């Protein structure tokens, strides 16, 4: 990852700087440094305090809740060991929601990334109108997900919604979308792609801009055509951006919530129930806090594993200029 | 000959891009057109043309729907939250960029990690903490848990790293306090990034849905998207006024986006890739 590599570099720099200072360092100077330590810590205090109360503590709390039985209201919590996890593993809805989460990621991420890349290449290759196209394609990114979900919900109305009316004008009979268990998840994935590809496009454009022009000239001299230049210069040099986009898209696709809560409520027949929505239902509809916490832990394990796997893979696949 | 060919290629690509742009805009265009249709036209008329143009939907919004209250709640929460995130982020980013101290890189890595973890993982306990603090159904309950923004800290720190250390050191030698250095050197020199960040954070906060939905059960306190979704369900609001509310809800953010598009897109471009 770009950020992490950069961090490594800085760390080495910092370490060597510290070693140098250490050689000449006296006790007095060290005490002075300790005193100075308070200044950066004071500036960090608000952020660290907030993280402690609203991130670290809840994190540990959630972990401990996953071993307890509790209904959010009653004063008593009961330690139940692994019962919540076992309950989840025997719960069909949990498995369905896990499968749907994975499916949703597989539906949205490749298309949102692919379309984002295609649009970046297309828009950047234009002489005129770059800014206008960029503006339009980025518009869905800034739209409010709550409001736009209502609009999309109506768009998918099988009889009078815009989607099927448009398809009908091309002579295609549209499916039942959100009422059809086989299509409902696709319907939500389309909203996800629509809202997400512009962000990827903008990141790709900034990636394209950072590629050194002279590399293309060198490739051209070596006899590479437009396609060869794309394959051997553009794509490899976009790999750090691609990696960043993939990590972020997968994480955010796992977090999809508003479209589901507003458009389908997880239905029909749990066909759009995803992990995050299942956590929400367990906690705030069934008041089964332990199960929700256990599910949260599993969500973390899944997202964490995926991110680590990607980090590993990226070391082989990502090329830096 | 070559020139004509390239012009034709450019023209073809314009056609393609305009077509894709129109497809992308379908939901927004449809929302706009439907909001000014006559009720009988909604289910039978032309998809993108209001033959009986009328503003009844909008009149209903102002007569029957507490839209102004929702918009005020959203604006107030988003503005205060943005301000807080900027202040907390500025201080933390300054500490990360200007000082060397043991554990600095580990702490910064921790900040990055907080961005990677889905907020739903900690949502239930955070809800309980907010409840313990008696902040449920208050604006504070929405704002306070999100004041430490990993995104703000990260973006500002990356920007501050590009400011030569000598400038900061010179300020200290000239007798500037640490706070003064942060204020007069780092903040002064990163105005563009600060404003881009402010717009990005504001839009994100305004659009946030999941957390305000949990914290604000009381109707008079709810943010626009949350209140709108509930109101529509409870009152089974018809399509025309629904689209009118949707259009009005998009307007402030749309205006902000169009006004600040340059900072906005460049701010996003900087995230994660530069530095």
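Backbone N, Cα and C atoms are what each Cβ position is placed from, and that goes for glycine too.
Residues annotated as domain 'ABC transmembrane type-1' in TrEMBL: B:71-260.
For B:12-33 (among others), the entry in TrEMBL reads transmembrane segment.
Taken from TrEMBL, the feature transmembrane segment covers B:76-99 (among others).
Here TrEMBL flags B:106-130 (among others) as transmembrane segment.
Annotation source TrEMBL lists transmembrane segment at B:136-156 (among others).
Per TrEMBL, the feature transmembrane segment maps to B:185-206 (among others). When Cβ-Cβ distances below 8 Å are used as the criterion, the transmembrane segment (B:185-206) is approached by residues 74-75, 77-79, 81-82, 85-86, 89-90, 93-94, 97-98, 146, 149, 151-152, 155-156, 159-160, 163, 167-168, 171, 176, 223-224, 252-253, 256-257, 260, 263-264, 266-268, 270 of the same chain, each at least six residues removed from its ends.
Among the features that TrEMBL reports, transmembrane segment is placed at B:239-260 (among others).
With a cut-off of 8 Å between Cβ atoms, the residues of this chain six or more beyond the transmembrane segment (B:12-33) that come close are 47-50, 243, 246-247, 250. Within its own chain, the transmembrane segment (B:106-130) has Cβ neighbours under 8 Å at 92, 96, 136, 141, 144-145, 148, 150-151, 153-154, 157, 210-211, 214-215, counting only residues six or more beyond its boundaries.
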